[in-house]
């Protein structure tokens, strides 16, 4: 307990440094502590729910009685400024996270350079290898073939990166977050599509939820929402689509560095004829090792450093394109006529169909544009792509097409051969640097996707490092970084050619694109409420186009691309097994939670000795008392005088404001001194828990809840006076309320009304009656204040005695009568993942001197 006392001293020091001012009442979330606990879980929560806001013995069904009048009174209790959330120490340094941020001209230039360095590196380097892969199996024989292939590339570039992603998909972001899991989170927020049954009605009152209520005219969205919420099969299908898309994103992050870097290094074979394929592979391996070693320095630092290099690269693309069009003639501009695509397929249908896999590579990086959106704004990405990236790419491909029309025998190293001899080596240097930068685009997108997946219970916990104190959401995951490096090196050494890697690249890109198309279609129907004709046009055009491309790349899967499919399948199984085991464990804990009747029979001492101190029992349940608490009661000879069940819960929103972070409820009657605290986080929130700061914030939030509870009891007692006369007197008298910081607030009616009421009292009841009423009012206020002071004093004494963290290490095992497949998945695969993922102790940064653990096994 000595360490607990030391912690208390640290808390007192911390309290002096933090502001005590905050907004007490947040519109839409003012009564989160009053949340009605559902009895759908077997009725085990009924006694706990009875004290949700008024202590023990009051049913939650009466929580809303007089709510509107109480709400009007509470809206007048406001303090200024937000309280600092010690969970988000690093995020507090982020400018403009919760407020509008003005962008100056200089800031806009810096943002544009960072956008180039992070978002557009992948799509910007596609001219290095697109035509090489397209004409690998079937060399070109005529100028018409060049025009047809070039027209195919131009319209693929316009339809997928520009029309689909820049103009449509980017608007499907979840509060600035992009990627497959951001889309899934957006759907789960608007419809209860999550398989984990830990949703609470109070979650919808978080201000960042941003729900859009379906309109009366579009009942279709309501029907879809109802169907999605009631169908377990649709929920599972939706999750499977998201997991499949995520596995393809990770596979894409393995192939992208290999493809980009190797295609750039291939330029050495043009400038130095003695360089062979083996040397290209070795140089590529060296570059990749350096690339992934620099990943830990963060997005903003590296993005700003390499942004100018990408700007020079796009200028080189445009300059080389203009040079080739000028040298070889403007005939290549005819490729903007889509009729050449028809002629291309009519003359050589097999060749044109096989070249689709290479053609798609011009759109690589489109998903990275969306997944990396968390680092930048939608407008910055759109404007940079439309006014810089797209024109430079079009000029670059047109220049290569002009060169090919005059050099029909050339089908490999097209980009490097089209460079003017005077600028060859400078361009090779810039191209290599751009390829290294491009490799980071998907890697940063994977880090963001993994964090989202972990928060939503679909990926094992990994160590996440926040690399920026200025930009929220910029992260680095060491384990995933080195896993991608090893996988990437394996692909380079096994395949050894950009042609074979290119086909695998196309499979990964198309897998992600198709899942994005399906999810955006659901968002169009459910949230945007777009006209059904527009939705069908979107789905038919893009999903049909992507399936057509996918048929081409699957035709070449036997050449080695099947390895990538196996890799993606393994990743999919890892995520699915983790989600399945997590869901099964949570459902089992819900079924086996302790009965409140049992706790009531044990009494306020819980059948044991209550020692001074606070016990923070971490669990995953949002309702009820976890079974692991019974394990503590039977294992420990004494229990702390105050017990708080702490649940760290991820909400399907990017960010939960600090003022809406905690949700407190009372468990059992007041003399039990047991509370539940739900700490709610968005999947983008930074969690940098300092134990002392966490304890301070938790205790202060608990005190706020207790004061607010006392305030509501005072309001209730005023409403329940015996006579109308007393009600009128009470409504005209001053209400003295205690705020969370101990300040006294007076809710006074206008002076004229107060005077009128007093005159009325004197005329009808006489002085004696008036004195008697004032005395009873003062006595009630004194009793309420005395009860409040006693409980707050109890909390302070418990805190000074020490805070101990109680962790239950719950494990699950399949029952003996279970199917063999379930035993294999739960007892071996899921157990292996739990054993090797990041432990809860490390995630919570709990000091070992104040930690107690109890193991418990659930049979499922």
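Just so you know, the numbers here start at 1 and follow the chain as drawn.
Just so it is clear, glycine is given a Cβ too, placed from its N, Cα and C backbone atoms.
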Task: transmembrane segment per TrEMBL - which of 211-234, 451-474, 475-498 - done: 475-498
Task: Listed range which TrEMBL flags as transmembrane segment, given the options 62-83, 84-105, 172-193, 304-325 - done: 304-325
Task: TrEMBL annotation of transmembrane segment - which of the ranges 32-51, 332-351, 352-371, 592-611 it falls on - done: 352-371
Task: Annotated transmembrane segment segment (source TrEMBL; candidates 4-24, 109-129) - done: 109-129
Task: Any contact, the transmembrane segment (149-171) to the transmembrane segment (352-371), with at least 3 Cβ pairs under 8 A - done: yes
Task: Contact yes or no, the transmembrane segment (423-442) and the transmembrane segment (237-260), 3+ Cβ pairs under 8 Å, gap 6+ - done: yes
Open item on the list: Below 8 Å between Cβ atoms, which of the listed ranges 304-325, 533-554, 560-578 makes the most pairs with the transmembrane segment (237-260)?
Closed with: 560-578
Task: Long-range Cβ neighbours of the transmembrane segment (304-325) (under 8 Å; 6 or more residues past either end) - done: 110, 112-117, 120-121, 124-125, 127, 332-333, 388-389, 391-400, 402-403, 418-420, 423, 427, 430-431, 433-434, 437, 440
Task: Candidates 352-371, 475-498, 533-554, 560-578; stretch with most C-beta pairs under 8 Å toward the transmembrane segment (280-297) - done: 475-498
- [ ] For the transmembrane segment (475-498) and the transmembrane segment (533-554), decide whether they are in contact, meaning at least 3 CB pairs lie under 8 A, counting pairs 6 or more apart in sequence.
- [x] no
